[in-house]
Structure formats: C-alpha cells, structure tokens
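Before any comments, here is the structure.
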Protein chains: 2
Amino acid sequence: MDIIEMRKFRRREQGEKMKVKDVGERALISTIHRLQAIVPMGYLGIGDDAAYLPPSPAGWLISQDMLVEGVHFRFDWITPEQLGEKAVAVNISDIAAMGGIPKAILTSIAVPGNFDVEVIEALYRGMAKALDRYGAVLVGGDTVSSPDKFTLDVSVVGHPGAKGPVLLSGAKPGDRLFVTGRLGASYAGYMLLCHNVSWPSTSIQHRSVLQAHLAPVARVEAGQQLGALAHAMTDISDGLVNELKAMTRFGGIGARIEAERVPIDQATQMVAKEYGQDALDFALYGGEDYELLAAVPPSRAREAELLCLRCGVPITEIGVVTDTLGIHVMRDGEELAVDERKGFHHFALDQD
Amino acid sequence: MDIIEMRKFRRREQGEKMKVKDVGERALISTIHRLQAIVPMGYLGIGDDAAYLPPSPAGWLISQDMLVEGVHFRFDWITPEQLGEKAVAVNISDIAAMGGIPKAILTSIAVPGNFDVEVIEALYRGMAKALDRYGAVLVGGDTVSSPDKFTLDVSVVGHPGAKGPVLLSGAKPGDRLFVTGRLGASYAGYMLLCHNVSWPSTSIQHRSVLQAHLAPVARVEAGQQLGALAHAMTDISDGLVNELKAMTRFGGIGARIEAERVPIDQATQMVAKEYGQDALDFALYGGEDYELLAAVPPSRAREAELLCLRCGVPITEIGVVTDTLGIHVMRDGEELAVDERKGFHHFALDQD
C-alpha cells in the first residue's frame, strides 16, 4: 500500500473522503498512472518533460478538445466515469473523422482542491476503459489546481489511414452523402437531463438517448473503412446542418439532403414528441452525435455501405453534394428553411 | 473588412469593447487564424477535425501544460500578450528539456463570455511572437466558453535531437551537474508582484526579475547542444531541489551541489534582501525559472560549457551526481538542511 492508499484507508476508516488538496500533484499522478494500461514499447510515458511518439512513415494526426464543468457537463448529470469515457471518445472521434487510428492521449485536468480524490480516480478509470476500447494509451498531460470549476482538456494523437488524412474539404458535386448510426439521440438525451430525467432512467427509450449523450462512441473502424473511399469526411459534433456547411465551405459547392432519409431512431422520436418538438430538428441542429458524415463518389457508394455494415455500423445515404451553394433540406418534395442560428446550441460560445 | 472587423469598428465608434459572447467561436477562430503565421507545407492546420504532423524518422515529442486564471496567473499582474508568450515558452521549455526542436502547438482556451475580444487578440499576438522566436506554428486547438475563469491549455510537439529524446532519468554517479542562465529570478519577480510592484516597474532590477517571471525564455538551442552530450536533462520549472530529486529518483543515485556556485543574479539578491529573504531559497525552491539542468559525463564537461556559451547562454557547473541517495546542498563546507516541503510553492496542488 503506497502513501496515497494509506491515507485513503485511514480516512475511510474515519468515514471521510480524501480531498485532492490533501494529496498533492505527485501522489495524484501516481494514482492516475496506476489506473492506466502499460505504455507500449516505443512510447515514453508519464513523468518526463515530454512524451515521445515513435517514428511513423504516415505522420501523425493530433487533436485537442476541452470540456468545462457547467458548460459541457454537470456532475449531477454525468458520472465521473462516464465523463472520462466521453472525454476520450469525443477526442478520438476527431481522429476517426480523419480516417485515422488513435494511438495515445494526453490529459490536462484543472481540479478544485476540495474535490474528492475518488472522483478523479473514477474519471481516469473511465478514460482507461475508453482507451482499452479504442486501443490507445495515456502518455502524458498536466494536473493543476482550479479555483472553482473542473476543467478537462484531452489531446489525442493517431496515425492516418493508408490513404492519408481524410479532410473536411474535398467533396465534389455528385458525391453521395452518408451518415453512420442515428442522429439527434444525443440532443434528446440532453433534453431529458434538462427536464430532470437523469441516468439511469427507468424507461428503455430514455436510457438509450441518455446513453447517446453521456457515453457516445467514436466510429473508429467505420472511419477507417469510409476514409479509404471518401472525398471528404467529418464527425457530426455540431449538428448535421453545421457539418454540411463546414464540408461545403470551399469550392462553390453545396448539399441537398432528404429529411425522410435522415436516420432518427424511435427513442429520439418519442422524446421529441414528449416535449412537443420535431425530432428532425434534433438531428439537423442538435450536435454531440459523434457519428460520421462522408462524401463518397457515386461509383464507390455501394462499397462504402458494405464496408461500413461489415464492421457492424449502420450507414445511411441521406443526400448529395451539389454544384450550387447552400444547404437544402427537402421534406415531402418541399424545401425546409434551414436556419443555421436555430437555437439548439447549448452555449453561446460553443457554436462550432 | 470581414464581419468581425466591421462589428468591432462599429462598437469602437460607439466607444464600446466587443465581448467574446457577441462574436461566437467561428469568428474568434478566424481572428486567431489571421494573427498566426502561415502553416508550412506538410502540416495541415486549423479548421479540420485534427491537425496533421508529417512523417519524422526521429518520431515526435509531445507535451501539454495548463494555465488557470487565479492559480497560475492574474490579469492584474501579466498582460494578455505576455501570457500568450509565456504559455508558449513554458511548453516549448519541455521540448527543450528533451533536447528537442519545437515544431507546432495546439491551444485550447476556455473564455468567459464577458471577456473583451481584444484580450484574446492580444493573447494570440503574444503566442505568435513566441512561435516566431522558436520557429513553431499553431496547428489547432479548441475554443470553448468558461462560466468563470479563463483557462489556457497548450500542447507542443517537436522533433527529438539527433541523439533521440534526452530523458530525465539516465544520470550516472560522477556526472557533472550544469544549469543554464540564472536561478531564483522568477520567484523574486513573483515576490514583487505579491507586494504590489507591478510590470513595468521603474527600477531596472525590478524589471529584470519581473521579466523573468512574466516572460521567461525557453532554452531551445542550449537544450539541443547540451542534449547531445548529457546523460539526463530537465527544465527547472519547480525549483532546483525538486528537479534534482526528480532526476535522481531511480538508480540509487543522489546529488551534491555547492550553494556558492548556484547562479543567482544581483537583481534577485537585491529583491531577496529587500524582503528579508535568502536568495538561495528562491533558487532552490522558487520554481518557474525554465532554465535547464543537465547531468553531463565529466569527459564532456568542458565541451558542454563551450557549446552552450557559443549559443550565447550562460552555463554553470554547480555540483555532481553521487552514488548515494539524497540531495546535499553544501555552503561554506557545511551541509544545509534541504526541505522539500519548503513553502515556496505557489499553490497547494501545483507542487510539481
């Protein structure tokens, strides 16, 4: 039993919880280290000034995402373990969106001193669980104190797929637009949480959309399969319309999608109905779905579907890239007004 | 004039400052992008899901450091531009400590909505200035809102030097211990700030130590030179004693240093005297100096000195690695008590 364990043991004997401020950074790092998988040969891990990523003939992809308590999550909505899992998944989703293979993460946390050490342990257990799932390891980061809110910033590095990084740009007129999985479920989950329906809810539909919001899954394997065929790809973190706008930003192109084809599951439909909302809006503007959106040349469309299904991920063709500007959403032969400012963003600043 | 400039123009006409919440993330990213140098060929920059680092036969080094308002900095002490410069410098110092060559950074910021956009612009101007100095570029990151405090997390990536990464461990008994520059100045600057002497002070000595604290310089070139010879190296971010302890953690070794040899400049001596303190304590326990500490085999000691001086960086031999445990500080032939918990840490959690 090391010193951190001993202190914890004594405190637990006394029915007290150990606080971060009683432990100090080095002991906290030891705990974090112990909770993680062994860092493979070639990587140098936690404890030195910098981590080392071995040579890769394909180069490296790197992305960074920050989550702030009270902005991106609330501890009365999400368990620390779910938060750890989600923080890793949403970062790895950025690597999946480039058709890449995640390899390692670095995690910086800013922790208020009166935080329970148990919460940090649970957080890193959640991260370890997600890292196991995606075959990546924790190689470094930073642990600092915060005066008030808990903040978590994760960097993820990975290799590009065999054809190199798949960019957001590169879509061509005539490309078929595909999305993986289902859309809008995360927003449905968020809506439940806003109405005090918390995890784990008793209803199976509620659990399904809460799960989508609290424990999203990155589409790593599907990303590699689609990435080998796609002209352009991204993950749907900010709602389908915003991602389509981002994808068609350059080159004088646009997109036309069929509302009926947008994959929205029954649980999401049910929750939308419960609150008098249109589930399509959840899918178009809701965000945090972490499904993939890919523009695939028509000649490879059937192949894309097959490859994706072969790795167990549903895939749906929802529309086409056009040679005119703008995002057009068709329903029953009529065009719906697309409102990019539609009020489905959680936070004033986090619009993208 | 783009839309952000136009809005700013109108607001300035009316004598108002533009707030972050009025602008949104995408406009903020455009501003940030405009302030940065062109991303070189081979790197893919801001705006995609992940940034791309080209293949490197030597691999990559990566490090991440978080700075929190009210914990690591206060806006009444440091200008936003200085903060940007410092955030980049302290991260690049971790690459320098591995003997590496910095190449790119990613920056995540969490910004309260009522923040002036001008502050963010100044921050990124400071970063751009530092990146220019060190020959690195901004390739990505995240911009989110914060309910309260400003938080900044920087990741830096770089190449290892010709001999690979220089680790913290690896020192051998008999190795000579060298430090670059001067120690304790940053803490002297911190002490002034705590006593309401702010930048720019009228005294040249005050300016010198305030500069050391507010705008430290990473020893990138010296790091590459020393790294080619050193058995072990690190940057002195947590005070000399803590770094010596970290360096001698494994292998049954220790260190003996001569207090008289520890490089402390006159400005630091003066400030310590002003507040009835021992300047040696600033150097041993103060932290945030970002100088290098290297363990060099005796046969290469003179070479290390020469190479370092040739790149214009002062270097001092302060002691030796021993084959017994413990850090021994000698002054006038007597051993000083080394107190690892000596109260020179700024913050309860940030002990390392």
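Heads up, the Cβ atoms here are built off N, Cα and C, so glycines get one too.
According to TrEMBL, the protein has these features:
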DOMAIN    B:47-158  domain 'PurM-like N-terminal'
BINDING   B:Asp49, B:Asp94, B:Asp235  Mg(2+) 3 binding site
BINDING   B:Asp49, B:Ser63, B:Asp94  Mg(2+) 4 binding site
BINDING   B:His72, B:Glu288, B:Phe344  substrate binding site
BINDING   B:Tyr124, B:Gly141, B:Asp142, B:Ser237  ATP binding site
DOMAIN    B:172-324  domain 'PurM-like C-terminal'
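A map of TrEMBL features onto the structure.
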residue	record	Cβ contacts under 8 Å, 6 or more apart
B:Asp49	Mg(2+) 3 binding site	none
B:Ser63	Mg(2+) 4 binding site	B:Asn91, B:Asp94, B:Ile95, B:Ser155, B:Val156
B:Asp142	ATP binding site	B:Ser108, B:Ile109
B:Asp235	Mg(2+) 3 binding site	B:Ser93, B:Asp94, B:Ala96, B:Ala97, B:Ala218, B:Arg219, B:Glu243, B:Tyr290, B:Glu291, B:Leu292, B:Leu293
B:Ser237	ATP binding site	B:Val90, B:Ser93, B:Glu243, B:Gly287, B:Glu288, B:Asp289, B:Tyr290
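DSSP gives B:His72 (substrate binding site) a coil state; it is part of no helix or strand. According to its DSSP assignment, B:Tyr124 (ATP binding site) is helical. Cβ neighbour count for B:His72 (substrate binding site): 23 (other Cβ atoms within 10 Å of its Cβ, all protein chains included).
Closeness to chain A is evaluated for the binding-site residues B:Asp94, B:Tyr124, B:Glu288 by Cβ distance, with values under 8 Å counted; counted residues in sequence order are B:Asp94. Classification of B:Asp94 (Mg(2+) 3 binding site) by DSSP places it within a helix.
The DSSP breakdown of the domain 'PurM-like N-terminal' (B:47-158), given as helix, strand and coil counts, is 35 helix, 45 strand, 32 coil.
Comparing B:His72 (substrate binding site) with B:Gly141 (ATP binding site), their Cα atoms are 20 Å apart once rounded.
Confidence in the domain 'PurM-like C-terminal' (B:172-324), given as mean pLDDT, stands at 95. A count of other CB atoms within 10 A of each Cβ picks out B:Asp94 as the most crowded of the binding-site residues B:Asp94, B:Glu288. Across the residues annotated as binding ATP (B:Tyr124, B:Gly141, B:Asp142, B:Ser237), the widest Cα-Cα separation comes to 26 Å. Its own atom aside, the Cβ of B:Gly141 (ATP binding site) has 24 Cβ atoms within 10 angstroms in the protein chains shown.
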